[in-house]
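Trainee: Attaching a single structure in structure tokens format; questions to follow.
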Amino acid sequence: MTNKNPTSYDFIGDIHGCHDTLVSLLQALDYQYSDGCYRHERRQAVFVGDFVDRGPHQIEVIDTVRAMVDAGQAHAVMGNHEFNAIAYVTEDKKYGGYLRAHTERNERNHWAFLEAMQASPERYDELLEWFMTLPLWLDLGDVRAVHACWDRDGIAFLKEKYATDGLMTEALLHAASDPENPEFEIVENLLKGKTIKLADGLSYQDSVGVTRHYMRVRWWDADATTYKAAFIGPPAALSHIEDDPIDGDHLIEYGHNEPPLFIGHYWMQGKPTPLSPNIACVDYSIARREIGKLCAYRWDGETELDAQKFVCVPRLEP
Ligand SMILES: [Mn+2]
């Protein structure tokens with residue numbers, strides 16, 4: 001039974017291979033398994049990307065999500081981890097090697113998925129093909145989803161140049177992997193969020209211990225005018241971030257009258273709450289063993305988002 005014109009969607013955050021937790025969340029949201037996938041009589045799910053890497057059940061997560069999408073019970077958008085997985089195995093026609101270099105750090109970040117593919121090599125091509133079907137953004141009319149940032153000008157550029165409504169193409173994949181092209185920054189914005197460079201000589205350690213010279217910013221927040229105020233990242237790193245006014249532009253305008261937007265990606269912590277009246281992040285750090293949880297926002301058509309409408313389950317994976 002496909003629900004053809006739902007006005008009610010459950011936006012589900014980054015899963016990162018945590019299949020037991022995914023099932024626990026779907027059950028908490030009253031989805032039931034029947035006829036090959038999880039379904040809800042009156043609602044659809046929207047997954048905001050980052051299905052793979054980090055957790056123990058890479059393939060299981062994809063199979064559960066894909067079955068829902070195929071049955072018309074869910075939508076899913078691409079996360080940076082799916083984009084990276086494709087780029088990791090795609091040869092770079094211009095510079096040689098692969099579009100995503102096989103550096104030690106990239107391999108470490110991708111290890112859970114690579115290991116799963118070593119155990120099930122027959123699935124590799126098919127899973128990458130599915131990643132390619134995930135749109136970079138999703139506009140459902142009254143509500144929107146993107147993994148990290150709704151870059152309106154970038155979306156308009158891609159729509160025009162690639163005649164796409166969000167779908168990745170071979171040409172765009174290559175263009176977006178070369179920093180010389182405008183596509184690179186646009187896809188970075190959409191999937192990894194807006195970043196700005198710290199002042200010379202400054203850096204901080206991110207949540208997995210990597211030294212960063214760029215910081216993720218609160219791109220939606222016009223009140224965040226200093227580096228410290230705009231910083232998104234581990235609280236412990238804040239002492240390394242200056243309180244000086246931001247040099248240049250860090251904002252990507254998202255008007256208060258635009259449809260509600262759901263994003264993932266930002267490793268939020270604590271009690272879920274919308275980022276602004278019409279933007280909410282549903283990523284609550286599932287990959288962090290001790291504090292991680294998987295969150296959803298139950299949307300029923302409201303234009304102003306409500307902190308009461310998040311539903312979260314704790315991480316079940318050891
Ligand atoms: Mn992400």
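Each position is counted from 1, following the chain as shown.
Here the Cβ of each residue, glycine as well, is placed from N, Cα and C on the backbone.
TrEMBL labels come from automatic prediction, so no person has curated them.
Marked as domain 'Calcineurin-like phosphoesterase' by TrEMBL: 11-138.
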Trainee: For the domain 'Calcineurin-like phosphoesterase' (11-138), report the average pLDDT of the model, please.
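Mentor: Computed over the domain 'Calcineurin-like phosphoesterase' (11-138), the mean pLDDT is 97 on the 0 to 100 scale.
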Trainee: By DSSP, what is the split of the domain 'Calcineurin-like phosphoesterase' (11-138) into helix, strand and coil residues?
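Mentor: DSSP composition of the domain 'Calcineurin-like phosphoesterase' (11-138): 60 helix, 19 strand, 49 coil.
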